[in-house]
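These notes are about the structure you will find just below.
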Amino acid sequence: MNPEPIIAPSMWEKPDRSTTAGEAIATPSLTYWQDVRQRLWANKPAVISIGFIVVLILAAIFGPLISPFSYFEQNLRLSNIPPVFETYRVSDDTGNNTRFFLNASNFNLYQVSEGGQVEGLLRGGRKDILKKRQGFEFGNTDIVLDYSSRPARLLRADGTTLRPEGWQWNMTYVFGTDQLGRDVLVRQLYGARISLLVAFVATLVNFFIGIFYGGIAGYIGGKTDAVMMRIVEIISTIPLMLYVILLMVVLNSGLISIVVAIGSVFWVDMARMVRGQILTLKQQDYVAAARTMGAGTGRILTRHLLPNSIGPILVTLTMLIPSAIFIESFMSFIGLGVTPPMASWGTLTSEAVETMRAYPHQLFFPAAAISLTMFAFNFLGDGLRDALDPRMRR
Amino acid sequence: MAGYVLQRLGQMLLTLLAIATLTFFLMHAIPGGPFVSERMLAPEIATALNDKFGLNDPIWLQYLNYLRGILTFDLGPSFRYPGVTVNEMIADGLPVTLRTGVLAVICVVALGVPMGIVAALNRNKWPDTAVMMLATIGVAIPSYVIATILLYVFALRLGWVPTFGLDDWRGYILPVFALSGFWISFVARLARSSLLETFEQDYMTTARAKGLRPGQVLFKHGLRNSLIPVVTVLGPVVANLITGSFVIEQIFALPGIGRHFVLSITNRDYTAIMGITIFYAALLMVMILIVDLLYVWLDPRIKLRKTAQ
């Protein structure tokens, strides 16, 4: 195998000028946007990402409304319940069956219905702390929970070990519960709401401040441009996250503060990009034509220049949205974001880190949610960039 | 060249002044002084403390004093830890942050660039697919998630590395990797696309046509030109390492500046917040200047002139 690039054999051949076939139009002509749409639909990861984002938005809006739980409702008797568990079955003399599972990290037994609904904590006898055992009575059948050795075992009265009957999905708390017995799924959906709210705000600021700031600076040029761009330069010298942190210190943590903080600095990248676009576009003949026909600055900007740079604007936007979502979850992770009992993917992850050894499922779901969302926006951004780039046209 | 550097230094001072002013007035906009707490201080003590730290002076005098402090590299005392200055806090955390940071930059260059080269040379074959898949994962997953997953798998489940602390070299592996993961992926993607673009340039065909060995073509003509975009992102890399260190140092319990910064935020230690922010800004600007100078060395087409516009 020769991995080094060589000169392709075709480059040594003489160009074939005998036919004019190359000049015939082979494909039906499409408008730019038809072409873009076609290329975007052909990009599988981007299409899947769009689907994911739509599902996420719908779930975030409607999920908490139809969920029987709320994000702040605590049930300490049902804390740290996993999303999937191994069930045991005990029958007593009257033929009653009891189905339950053992939470191997806090040594509690929880009763489960046949359908997999968690029905409650099973009350046992006194815990023998020294011998590390606890008795449970099911009618006349006695079961002893022995947690003196790991893993904990359930013993019958005759000393034999009770065997689990199989795995069961948690049908009450699909994603389990956290250390305060709150439903993880509904908290995740609240986290999605917050992330999407932040994404929405970032989009708005980019549209209303970033684009016009950059547009005005680029179009007017001269001293105005120099001053406006120097301000942007000063802001973007240090990471945006540092400003967001400083603003959060001033405004105190909370959902509104983080939205304000992200909103107030998140437009600078867009402003820069738009200015660059406008600088190249304003030399075009159609701008001169519009000006001779008497169009004002505002009209030229909004009717001619900005619509023509919509492609790069869209791409920049899909790249900025995940970074806004990331900053929110990052801030919440280090304790500067939303305040409890509000849930964000960042706070959910940082809470789960504390109990990671015993309950890794609490870490898995928020980490997966934020990662999948970032994936979706990244793939969509890549797809859009490829679709909007005329050079990619085949 | 010297003129350009001087001009850039002047700009840096101006930017630093703006950032110092901004942080100063932001911190002073917060209601309540640094000594207002649940435990009421005796009025005499409060006055004495305010006098000691010059908090009774008019705000413009405090501002000028603060600026003079920055110019003489004195960032003032911490308001939460009596007897500790902000300078000492930075000096205390800097070695740890610097060591992990430098290791992370080395990782970014030493892993990201070769990954990109391998991917570009094997375009659309399995090494390319593998590298791009890894890189997509690395770009999409936030650093704190990577850090916690690494911690869970390698420290808790497998027990290969310690969960916290930097007592031996193994303690560095996870923090450095979590810190640099995003940029390794980013640089790999960038190096790949940039190298592919360079391969199509006419001078590459010329170099091949005149019979240079493939290795020479790749390293002398291809790599040097395609590394320019990679150098451009090294500035943002430093910025990212700084903000990344806030959370990485917290997760792995490393006593670096990032941890001091987050702690001073939760403690509302205003002088420490201001001081560390300004320190970060200065560090970043120096880094960006170095990157810009590297740029000229790599690409002789770029000429530094005194006026930027």
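Just so you know, glycine gets a Cβ as well, placed from its N, Cα and C.
Look at TrEMBL and you will find A:46-67 (among others) tagged as transmembrane segment.
The domain 'ABC transmembrane type-1' annotation in TrEMBL covers A:192-381.
Annotated transmembrane segment per TrEMBL: A:196-220 (among others), in sequence order.
Feature annotation from TrEMBL assigns transmembrane segment to A:240-268 (among others). Sequence-remote contacts of a segment are chain residues at least 6 beyond its ends whose Cβ falls under 8 Å from one of its Cβ atoms, and for the transmembrane segment (A:240-268) they are 194, 197-198, 201-202, 204-206, 209-210, 213, 232, 320, 324, 327-328, 330-332, 335-339, 342.
Only residues 6 or more beyond the boundaries of the transmembrane segment (A:313-338), in the same chain, are considered here, and those with a CB under 8 A from a CB of the stretch are 194-195, 198-199, 201-203, 206, 211, 240-241, 244-245, 248-249, 253-255, 258, 262, 266, 269-270, 273-274, 277, 306, 344-347, 349-350, 370, 373-374, 377-378, 380-381, 384-385, 388. Per TrEMBL, transmembrane segment is recorded for A:313-338 (among others).
For A:363-384 (among others), the entry in TrEMBL reads transmembrane segment.
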Non-local residues, at least 6 beyond the ends, that sit with Cβ under 8 Å of the transmembrane segment (A:363-384): 40, 43, 45-50, 52-53, 56, 175, 184-185, 188, 191-192, 195, 314-315, 318-319, 321-322, 325-326, 329, 345-346, 348-349, 352-353, 356
